[in-house]
Structure formats: C-alpha cells, structure tokens
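Q: So TrEMBL says this about it:
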type: COMPBIAS; residues: 153-169; note: compositional bias 'Basic and acidic residues'
type: REGION; residues: 143-169; note: region 'Disordered'
Amino acid sequence: MSRFKQKFAELFDKSKKTTDADLTKRLQIMHEFESEVSGYLKNVQNFNQTCFEMIRNQKEFGDVIWTIYEHSAMKFYIKDVRTILQDTSRLQSRLEGTASQLTNLCQTTLEKCAQLRKLEKDKEDKRVFYDYYRRKIPELEKKTAAAQGPSGEAEKKQEKLKGNKDKQSEANKAFLKASQELDSHLLQLEGRTDMVLEQLCIKFSRDIESQFYTEINQIMQRLCDVEEKMREVATDATTGKFGHLTNNLDLNVNF
C-alpha cells in the first residue's frame, strides 16, 4: 500500500519524487551503449553464420572433387585440392578465434549492462519507500504536535510517529546502499566503454569483414580452377589429344 500511495502521489506532483538529473543522463548513455553493443553482437553472429556456411560449402565442394578424381590418373591436382582444403580449415580457425573473442567481449559487456539495469530497478524500488517516509514523517510530526485530548491519544500518536521514524531510518539506509551499489557498478561500466568500442571497431571493422570474404572467395576460385583444369585434361585425354590411351595413363603433370 505504501508503494502504491507514493507512486500515485508522484503522478500529480513530480516534486514528491527524488531525482538525480546527472545520474539519469549517465544511465541513458549506458543504455545507448548497451544497445550499440547488442547491435554489434548481432552483426558478428550474422557475419559468422554467413562465413561458416560459405566455408562449409567449400569443404563439401572440395570433398566432391576429391571423391570423383581420387582414383583417377590426376593425382597432381588431387594433392592441390587437399592443400586448398587445408587452407580453408586454417581460415575457419582464424574466423572462429575472431568470432569467439568478439562474442565473449559483447556478452560480458551485456551481462554487466543487465546487472546495471537490475541495480537501477532495485534503487528505484528503494527510492519509492524512501520518498514515502520522507513525505509522511513531517505530516505525522505536525499531527503529533497538535494532538489534544486524553493523554492516551497523544501517546498513540507518539508511538505511531516513532514506528514510522524507525521505518524511515531503514528505508534511508536501504536507499543509500542501493544508490552506492548502482553508482559503483556504473563507474566500472563507464570505464569499460571506450575499451569495448575500440576493440569492436578494430576487430570487427568493414575491412576485417571484407578481408574474410575476399579470402573465402579466393579459396573457392582456386577450387573451381582446379576442377576446371581437371575437366579440361580429362576431355583432352578422351579426345586423343595426348595420343593413344592405355590403362597406365598417367596425367600427373601440370598441363
């Protein structure tokens, strides 16, 4: 009931609510920072998913080429395919390392932002009771001072005032503690923002994205070139370009 009364009173009189303009501004900046990091994380996840799908397709394509020509006379080209697939695996390892660093950085930061929101909510809850008793005590003091009639009635008012002052003291302590915890966590997070954004901008820039895409496409082109060369060699061999074919035909040369 105390909470409801205080929140209702604030709807009609903003002065009944304790505010901190500087803190509000700082929290707003951190919420914007949280949104920015969340956006980075989604971009990283989308980028990783796209790259891993491209790499998976490359590996499948390379495995198909290997299966088709494994027992053919073109071992030279088969070895080249295996080398290209090894390059693909190394590229995937690099991508996984970069993705892991960025994901951990974003998730750790977002966890701290979530904790900030929790502390912010806790302080607001404590603030409501703090303001409730901050307004109520002066009213009770006036009523107690003006109390007349039987001494028993005045004693009841004194007891009520004392009980509410005790509650006010507890509400003040709880509000102060929540305020200190929020400010401490906020300071830690504020000290982290520049580092986080710098790391994200360095390790996940458009240049970094472009570099990975370029390397993936280059590897894919190498596979296509090898597969095309083997097709040409096989076609030339079957059309007699290399003379009469025998069962011991060896095409392990770079035509």
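Yeah, the Cβs are placed from backbone N, Cα and C, and that goes for glycine too.
Note: TrEMBL annotation is automatic and uncurated.
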Q: Given a Cβ distance threshold of under 8 angstroms, which distant residues of the chain, six or more beyond its ends, lie next to the compositional bias 'Basic and acidic residues' (153-169)?
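A: For the compositional bias 'Basic and acidic residues' (153-169), the sequence-distant neighbours (Cβ-Cβ under 8 Å, at least 6 residues beyond its ends) are 133-134, 136-137, 140-141, 143-144, 147.
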Q: By DSSP, what is the split of the compositional bias 'Basic and acidic residues' (153-169) into helix, strand and coil residues?
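A: Helix, strand and coil residues of the compositional bias 'Basic and acidic residues' (153-169) number 17 helix, 0 strand, 0 coil.
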